[in-house]
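Feature annotations, reproduced from TrEMBL:
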TRANSMEM  B:12-32  transmembrane segment
DOMAIN    B:99-313  domain 'ABC transmembrane type-1'
TRANSMEM  B:103-126  transmembrane segment
TRANSMEM  B:138-166  transmembrane segment
TRANSMEM  B:186-207  transmembrane segment
TRANSMEM  B:244-266  transmembrane segment
TRANSMEM  B:290-316  transmembrane segment
Amino acid sequence: MEEKPAVAHEAVDHGAQPVHHHHSHAATSRHGHGHHLLTVEDLSVSFLMYDEEAAAMRAQGDSRADRGRLGRYLHAPQREVEVIRSLSLSVHEGEIVAVVGASGSGKTLLADAVLGLFEPNALVRGRIWFDGRPMDAAALAAERGRGIALVPQSVASLDPLMRVGRQVEGMPRGRGAARRADAGRRRARRRELFARYGLAEEVARLYPHELSGGMARRVLLCCALMDAPKLIIADEPTPGLDLPLAQAALADFRAFADDGGGVMLITHDIELALTVADRVAVFRDGTVVEETSVAAFASPDTLAHPFTRQLWHALPEHGFVVTTEGSPLC
Amino acid sequence: MARYVVSQLGRFLLLMVAVAVVTFALVSLSPVDPLQANVGQAALMSMSEEKRAALAAYWGADTPMLERFLAWAGDLLHGDLGMSLRYNAPVAEVIASRAANSLALMGVAWVASGVLGFVLGVAAALREGRLLDRFVRGYCFVLAASPTFWVGLLLLIVFSVWLGWFPLGFSVPVGVAAADVTFADALHHMALPAITLSVVGVANVALHTRAKAIDVLNSDYVRFARARGLTRREALIRHGLRNLALPAITLQFSQIAEIFGGSVLVEEVFSYPGLGQAAVTAGLGGDVALLAGIALVSAALVFAGNLAANLIYGLVDPRMRPVRRQKEVADD
């Protein structure tokens, strides 16, 4: 993607040149090695679904959707439903990008697409680069849990029947002696992470249902950090946590970003996003309508898209004003 | 622990009392005339009025139901199940000799249908919507919809009559002294009824396991495991099997009742001298003592199955164990 030499690009002053690559940059945005950590371009995700309208048409004797006598019995008419369309998004090294959108608007599908987790009936198109490499489905699958890690929303994402320690450690790789060595390495890494996040060693012996909210949050984070990923995708990590816990969670993401990682924070809570993120990608109707720095939220004049401005007006400190068409988030 | 044992024991006794009362009442209220059932219609007709009255008095046919029940229940408490009219032997003996046949038959069918059903269900779930899944589902739907006795008859026609691989019935060869019957003979005779029971039982287990495995594959924890780099298959083996074990255990032990019910029909079809066949004979012949005895034994069997399932739950699922750790590890 980059025409310029990498070093020259790294030297770009984001303060003086805030808008390039179709998005505004924050002061912390770094093009490490001259590229984005994650670039998503023109992503669309659609599903093949049974078409009830065509079926009804056919039942009424309309032959337009017909495939002939035999086909009628063997094929139900299907249509493609696009859930994410021409979405573009970038995550730089050292920054948190908050993907803000209403609950149920398909944000999790974006996470699935970046993780290469697709439903069998999903059609995914677009281009994804991770750490400067163009990715296909197999490459994304290879980075799952290694280069790109997911922090899920709740303890429901842990196996209820397996002790927390073993789950954080994950499945050892290899065979025989190599497998035992890997298991030992993983145990050591898990101990180190538990110590860093203030989890007692006994927690490893607990089952998920025995964890408190605060412990669960840190356990999920430790799962994600096991293989030292470069990018963390946090899917709604804060709902269900009280404010101090939510702030602690966000502080941990901040620390990860400050150490040179990238975080894609998927959330419906724009207020919380503005307190911790460097940039905000506003998600609506299956696409990112505006990708801008948090600083731009200082005034509606620096926001480009009408929907983002509506969001701004709907914030509590701006008086909860709900303007014209389209409902604000939450 | 002591409390648990006492409560389970209490439940077991209550169940036995309920089964005894209901069976006894149902048989007593049935229109089967005990005199006619015992001596036969022709003999009853040729009997004089006095003789009939004497017989009725001897057997206590006119004694009120409650009194008869109390007498029977009193003997039961002493371990006496009464005499079987049809087999002319103590009920306990009849049940013991037939239970050996039935338990072997049902045990084989129970294990085979459980293991095969589980494997087929998991395999179908992993390939949901693909050819293997369609095949397994097709097989299960057809068999779940087929009556057990009909499947038994079909197998008899194909494998015994046409191919001659298996005997037509009974648990031992006809015309061979009991002492000369080998283990292989017994196995050979048991094969077809056991296969019938298993083949039908598999459908039930496989369909339930498949549905449950699909739930597990779509669960948050399998999604997270896959997000951490495991393949679907690895995730199912590492996390799915544990979580599938629980419903599988429930299913497997509730299957005892199904297999027992199926064995009644299968034993009739194959003339296999087991408990099921004895139950049919007892029911049609007004043999109250034997019927009540079999009802008690089968209820105890099903109860034992459910109890076993409950006990195994505690071993598999930490959420069903008494709370202990939460207090040991101080929160944060």
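Here the Cβ of each residue, glycine as well, is placed from N, Cα and C on the backbone.
Long-range contacts of the transmembrane segment (B:290-316) within its own chain (CB-CB distance under 8 A, at least 6 residues past either end) are made by residues 8, 11-12, 15-16, 19-20, 23-24, 27, 72, 81-82, 84-87, 91-92, 94-95, 99, 242, 245-246, 249-250, 252-254, 256-257, 260, 275, 278-279, 281-283. Touching of the transmembrane segment (B:244-266) and the transmembrane segment (B:12-32) is ruled out by the presence of fewer than three CB pairs under 8 A, sequence neighbours closer than 6 excluded.
Note on the transmembrane segment (B:186-207): residues 104-106, 108-110, 112-114, 116-118, 120-121, 124, 136-137, 139-144, 146, 148, 151-152, 155-156, 159-160, 166-167, 170-173, 248, 251-252, 255, 258-259, 262-263, 266-267, 269-270, 272 of its chain, located 6 or more positions outside it, place their CB under 8 angstroms from a CB of the stretch. Sequence-distant neighbours of the transmembrane segment (B:138-166) (same chain, 6+ residues past either end, Cβ-Cβ under 8 Å): 120, 188-189, 191-193, 195-197, 199-200, 202-204, 206-207, 262, 265-266, 268-270.
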